[in-house]
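**Q** Here it is: the structure, laid out below.
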Amino acid sequence: MAHLNRRTANYFPSHINPDKLPANVGYDPRGKGRWYYRKGSGRANRGKALRFGNSKTTLAEIWTHIEQIQTDSIDTFRGISLKFQDSRDWAILAPRTQKNYQKLHSSICGYELQSGGQLGDAPLDAWTPGGVRRYLEKRASISESSAAAEVRYIKRIFSWAISMDYYLSANPAKEIKLTRLSAPRTHYTQDIDYNLAIAVAPLIVGLAAHLAYLTGRRRTDLLNLRRTQLADDGIEFEESKTGKLTVVAWSNELRAVVELLKSEAGNSMYLFPRRGSPNEPMTDSAFDTAWQRVRAAVKKAGGTPCQFKDIRAKHASDLETEEDASASLRHSGRSVTRRHYRRRPTKVVSLR
């Protein structure tokens with residue numbers, strides 16, 4: 001849009017007195033005419049133009065529109081993040097994604113500033129690319145993966161707010177490059193360490209680990225496994241992260257594991273029921289605690305402990321081909337499988 005002087009009367013419809021317009025309202029006379037509003041003034045602060053009305057819009061309608069915009073405005077990151085969590089875009093997200101976003105929201109909003117306040121309550125006008133970059137670097141000194149996830153959430157929230165006209169400036173996280181903060185995890189769980197973990201684990205925890213190895217499913221999808229998912233042709237999994245439906249075909253070993261789980265679960269609808277509450281699945285935190293004990297026992301026995309998610313990588317690594325692994329994990333492309341899950345060392349032959 002060409003720069004227009006909104007106070008030059010020649011530009012405006014004859015029924016509008018420009019001196020009575022709200023602040024930061026301008027008019028573009030081209031075509032049928034269009035009013036626009038910018039939050040703030042000056043080239044650095046005026047941000048995105050919010051367009052409305054036409055040449056026939058009255059002064060009263062302009063004031064009503066601007067007052068509504070200012071009433072609906074949200075001035076903090078906490079505000080726009082909560083607004084996002086009350087939107088249709090939020091409602092269609094997978095439950096696991098919603099849970100992860102709520103954790104990111106709490107971490108970002110609760111970050112203590114040097115001024116003594118919290119980042120979530122800082123004015124939106126105070127957010128800059130440099131500030132987001134400094135936040136990324138400080139958080140990365142504690143956890144690089146968490147820092148990257150938080151900045152991705154910041155970027156998404158500002159993008160959503162801009163698309164809904166809740167925020168009329170540039171996205172301060174848009175230009176932040178989330179290049180590799182740390183190398184992908186490369187640990188491959190050797191058979192001897194995997195078998196040791198199964199041996200020292202309580203029965204239910206060991207069965208969960210072996211089910212993860214046989215199926216390649218995520219922990220959350222295993223802990224929420226119901227009897228109704230046991231079909232004639234295999235186990236039906238609707239992945240919590242992607243919503244994709246996967247059927248893992250039966251094998252003799254898989255059937256044996258499931259039969260043991262059904263026996264241990266009693267009358268519960270879940271194969272991993274919560275202790276004391278059989279109509280609820282085991283919680284992630286309860287399983288995490290149990291797996292930490294397994295890791296400690298493996299280390300005490302002289303083995304190399306693994307994270308539970310390493311078992312999914314072992315599943316992918318032990319399959320014959322990269323194509324098989326990518327298909328089993330339901331990845332849209334092989335690059336993710338290759339970078340994060342195919343961890344078995346490559347064998348090559350010597351030159352002579």
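Keep in mind that glycine also has a Cβ here, set from the backbone N, Cα and C atoms.
According to TrEMBL, the protein has these features:
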- 331-346: compositional bias 'Basic residues' (COMPBIAS)
- 208-337: domain 'Tyr recombinase' (DOMAIN)
- 317-352: region 'Disordered' (REGION)
- 194-216: transmembrane segment (TRANSMEM)
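On this model, are these features tucked inside or out on the surface, and what's nearby?
**A** Assigned with DSSP, the residues of the compositional bias 'Basic residues' (331-346) fall into helix, strand and coil as follows: 7 helix, 0 strand, 9 coil.
Only residues 6 or more beyond the boundaries of the region 'Disordered' (317-352), in the same chain, are considered here, and those with a CB under 8 A from a CB of the stretch are 184-188, 216, 239, 242, 244, 246.
Same-chain neighbours of the transmembrane segment (194-216): 222-223, 235, 237, 248, 251, 253-254, 257-258, 260-261, 264, 272, 287, 290-291, 294-295, 297-298, 301, 303, 305-306, 308, 311-312, 314-316, 328-329, counting only residues six or more beyond its ends whose CB sits under 8 Å from a CB of the stretch.
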**Q** Average the pLDDT scores across the domain 'Tyr recombinase' (208-337) and report the rounded value.
**A** 90
